[in-house]
């Protein structure tokens with residue numbers, strides 16, 4: 001027990017922070033159990049990260065050897081697992097890199113889940129929560145690029161997944177040619193390559209309710225509640241962020257989502273969303289609205305309106321942040337004026 005206390009004292013003496021912003025503030029005032037597995041990696045020169053189920057420490061590398069010696073000398077059952085930091089695939093907004101398609105899965109009548117492989121399972125894509133990438137292709141002699149948000153989190157190694165709706169020609173009279181990139185993606189076969197660059201985006205979610213907004217109105221926002229209002233494939237950045245929050249052991253931010261679609265068959269990732277809701281009922285709730293409801297539909301019908309927002313979203317406050325993503329007409333005519341009418345400040349409304 002004395003040697004275990006020495007190990008704990010060494011970590012406390014040199015730690016930079018704990019999971020809760022400091023050992024004492026995070027409620028960690030005891031030594032880790034003797035069967036703890038402590039993982040050590042080296043993301044910064046001269047510093048080491050110790051990560052166990054009990055806490056997180058950042059300490060100088062010079063201390064690591066001494067701590068390990070104390071543990072080994074006393075036969076303490078503490079396993080030190082050394083690993084390299086993950087390799088990041090993306091190299092910036094101006095550098096295009098090839099990814100090879102490894103799987104295509106049809107999700108709905110017009111939406112496909114594309115899985116692209118990274119160079120190896122040592123790589124992560126390198127997209128912070130709230131950011132996106134651009135996919136590039138040469139289509140009919142034109143260089144085309146479009147932004148897309150992965151539905152996989154950035155701790156997903158070796159692969160990245162995109163959920164993409166195809167805008168086909170002669171379907172929407174307002175856009176008879178359809179979408180160049182989405183129709184091109186539908187023609188890809190497994191083994192074909194696409195180019196990707198990034199990350200891009202003005203919104204960065206740092207965790208535990210903290211947003212950093214870049215651009216002309218750069219600011220930081222601290223949220224206890226998040227309203228996610230999305231339509232169609234506007235779900236994808238919300239889904240990425242939703243999983244990021246709910247997968248965190250420390251993030252207690254509450255989320256209310258309104259998801260608008262043309263019809264019930266258009267609701268993307270419904271099973272996954274409702275599983276997340278059922279597993280995190282105190283933290284996440286979801287409400288649907290469709291323009292063409294089926295029989296026995298128990299959710300809303302029609303466009304997002306003030307009554308819907310009032311009943312199913314968190315009320316306006318300094319710590320309520322509203323995230324919007326969907327068709328421009330939905331945001332302009334339905335979301336923004338009705339949020340303003342309910343007292344939400346424009347500073348607390350972020351659009352992907």
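Even glycines carry a Cβ here, placed using N, Cα and C.
For the FAD site, TrEMBL gives 146, 147, 148, 163, 165, 180, 181; the one candidate out of 115, 121, 224, 236 that the record lists there too is 236. Range annotated as transmembrane segment by TrEMBL, chosen from 57-82, 83-108, 187-212: 57-82. Around the Cβ of residue 165 (FAD binding site), the same chain contributes 110, 111, 182, 232, 233, 268, each under 8 angstroms and 6 or more positions distant in sequence.
Long-range Cβ neighbours of residue 181 (FAD binding site) (same chain, at least 6 residues apart, Cβ-Cβ under 8 Å): 135, 137, 139, 144, 145, 146. DSSP assigns residue 147 (FAD binding site) to a strand in the three-state reduction. When the Cα positions of 146, 147, 148, 163, 165, 180, 181, 236 are compared pair by pair, the longest gap among these FAD-binding residues is 19 Å.
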